[in-house]
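Q: This structure is in structure tokens; I'll ask about it shortly.
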Ligand SMILES: O=C(O)COP(=O)(O)O
Ligand SMILES: [Mg+2]
């Protein structure tokens, strides 16, 4: 194995952001006279970025959003989210220790997320996580996950192109993107998968972030 690099998904993998996503989305839904969404419902909507989130939220609360109506709704949703980026978001157990351990081993780390880029930066700053990552690439990237180019471009921005890389995520979109990029993938079982995590088709499934080190060693063996 050559020198290693690790790229992570964000929502449902490193952070449990659904409570703040829910709060911002529910404010918008209330403004539009629509019903409120429960936390499990919101967890089902997350994973393909903000436009998909709005479209899915509209579809489950009444009439679908008009195509031209999605963009202004996304902007209003993000304004609500920016006002409260991490009031109820928490970093999953073991994440900070594991990121520190990998970094101390000289392994460059990156984030490849479908969350809008600016929103991702705001949330990472609010949680004190930004310092761990050599590069962060959000979902405004034109070829976003499940396109493997999203992960490849993250690796380039990390200066880690020549390295052996592993992707870590929580959803089928992550597994497809990693496959498309030709990378092994570790899935976490506690995220927002919308299916039994065993069915994601990852190379290995972990229940706790603290198990990441041995999982990476296994997928590369
Ligand atoms: O915000 C989203 O829809 C997805 O975010 P993720 O790619 O970090 O899971
Ligand atoms: Mg995710």
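Each Cβ is built from the backbone N, Cα and C atoms, and glycine gets one as well.
Residues or ranges marked as Mg(2+) binding site by TrEMBL: 9, 11, 170. The active site, nucleophile annotation in TrEMBL covers 9.
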Q: Helix, strand or coil by DSSP: which one applies to residue 11 (Mg(2+) binding site)?
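A: DSSP assigns residue 11 (Mg(2+) binding site) to strand.
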Q: Between 9, 11, 170, which of the binding-site residues has the fewest other CB atoms within 10 angstroms in the structure shown?
A: 11
Q: Given the Mg(2+) site residues 9, 11, 170, which other residues of that chain have a Cβ within 8 Å of the mean position of their Cβ atoms, reported in sequence order?
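A: In sequence order, the nearby non-listed residues are 10, 12, 13, 14, 46, 47, 113, 169, 171, 174, 188, 191, 192.
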Q: In the three-state scheme derived from DSSP, which category covers residue 170 (Mg(2+) binding site)?
A: coil
